[in-house]
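Database features, via TrEMBL:
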| type | residues | note |
| --- | --- | --- |
| TRANSMEM | 25-50 | transmembrane segment |
| TRANSMEM | 232-252 | transmembrane segment |
| TRANSMEM | 259-277 | transmembrane segment |
| TRANSMEM | 315-336 | transmembrane segment |
| TRANSMEM | 356-380 | transmembrane segment |
| TRANSMEM | 453-480 | transmembrane segment |
| TRANSMEM | 501-523 | transmembrane segment |
| TRANSMEM | 535-552 | transmembrane segment |
| TRANSMEM | 601-622 | transmembrane segment |
| TRANSMEM | 638-658 | transmembrane segment |
């Protein structure tokens, strides 16, 4: 098929009878590049797997770079990280993500009492149990209570104090609680810091800032998990009901699409008409009231917007605006009535097509599985890349003036250097994971490549689904006698054609979209990083760029979607198919706009009805307001947990089914436009459209020379 810009004559193949079966491979170069990239992506995953170690994320690391709880090590039974002096830690963010400037050891359990090294050392002879308990929080192997307190604290052989703590995220945090509105630790408001001072528990506030909220969130998380554990069965039943309602709605659209649309349209007209009457009533009611004849300009800007409602001019403006909207809607209905009827007929035809090819409703499961695989591989690769660094050690000094503080060091040779002499008490402790090798220098580039290929693969999976569904529904439309001429297994045949011949074309379209999406991700990253340091011009420029690329992404998704339909029908390459689809849509731009809005409205209405209906049913069930099932309702901490899950899940289930329906309608529409341009309804060139669409055209037989609008 040769197509040119809108308005130019087109030459058609008179033997065309639907999707081309004798095809050839398209966009071969892109296909080869796509396969090479996938192989490279696999290689990247292997390299990341070799160098990475997720234990760096899962397990905390002590000051010696050893994992707490690691098997076959001295820390195997020591799964919790203990901080010698938690007062040196600014916040939980420092404790979890960075390094707190104090010695950290792996312990088997957190302290459960207050104690100081000074007190324990003074009484170790007649209270050995206290010493044995305290020294489990000292450095491994330290057992010299005769060593002076000053030297012990300088060398950080033991902590100066221990306080009652509990493990959270495998780290010991103070066991905070509130008593009569007062912050306490183990019901005490003061403690000894081991350096001769008695301090208030509030001194720990900075180090433990936000911990109570986090612990409360953890408690809520446990309760939510419990609710899921005892209500999952009923949640699945709710999602099954949503699936059945979605199927029922699609079936009923064949008979109710027109009724639903016109009820909505006339409802809108009626509501606007009431608004016009109400504005006129208010306008007339304010007549003669002092001050009501003032203008908006006279009173200026007022923070209390009720003031404007006391002006006749306000209601007159509202009435004029509503009258304008009412006139526009009525004129659109008058002049676009035929196109609206065609759109509704296509919606009904889509329901009929899905009825003949029911397997298409379950294809979204395939797309979901493919996307889930992509997400899983991307996430695992990202974690392994992020944990690919080697342990980096830095000098930790108690003296603030030590010039070697925070410099990198080697723990094996540290004691042979003069750092310990110049900075007494300085230690070479683990800081973070990093590296200076070529691989470590390019980890950020690898993460960027990981994100880019992930976007490419996800868009390819979506493109494959769209092309597959388009081929199946095109087979339905171009069957002259429906359903007798519909080929056997149209969905599987379409899937095979897409994979065998058009992988390159689908990858090409997905590549273009992935590039734009990656640019959007980079812009969001820059906006986040530069927040607070930008001037007005920079913010404006970033905002404009983000808006432009958002619009570009939406446009490309629209073009790609229709290009995949043309690929499924004609088997041409991506660029040719995108051009043909664009020109075809431009020649039918009014029909496109009408069909798009009518389809969006009905499908949105369907999603709301399904999610809302199942949500109401779930609400009455989980709140025990259905007497028949009152005894079956599980006891929940928060009934809204399964309720929100059912509502959101029902919406997603409906979206999955209706996305198939939307693809069906878009495919049938392009086929309908092609049918009008290829054929004229004569015996030699009969229409392939359904009888209902044929009747809407108003002509049983059109001459070849007469245009059809």
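Here the Cβ of each residue, glycine as well, is placed from N, Cα and C on the backbone.
Within the same chain, residues 351, 354-355, 361, 606, 609-611, 613-614, 617-618, 621-622, 634, 642, 645-646, 649-650, 653-654, 657-658, 661 sit at least 6 positions outside the transmembrane segment (232-252) and bring their C-beta atoms closer than 8 Å to a C-beta of that stretch. Comparison of 25-50, 259-277, 315-336, 356-380, 535-552 by number of C-beta pairs under 8 angstroms to the transmembrane segment (501-523) places 25-50 first. The list of residues near the transmembrane segment (535-552) in space but at least 6 beyond its ends in sequence, with Cβ under 8 angstroms from a Cβ of it, reads 516, 519-520, 523-524, 526-527. Long-range Cβ contacts of the transmembrane segment (25-50) within its own chain (Cβ-Cβ under 8 Å, at least 6 residues beyond either end) map to 377, 380-381, 384-385, 388, 439, 446, 449-450, 453, 456-457, 460, 500-505, 507-508, 511, 567, 571-574.
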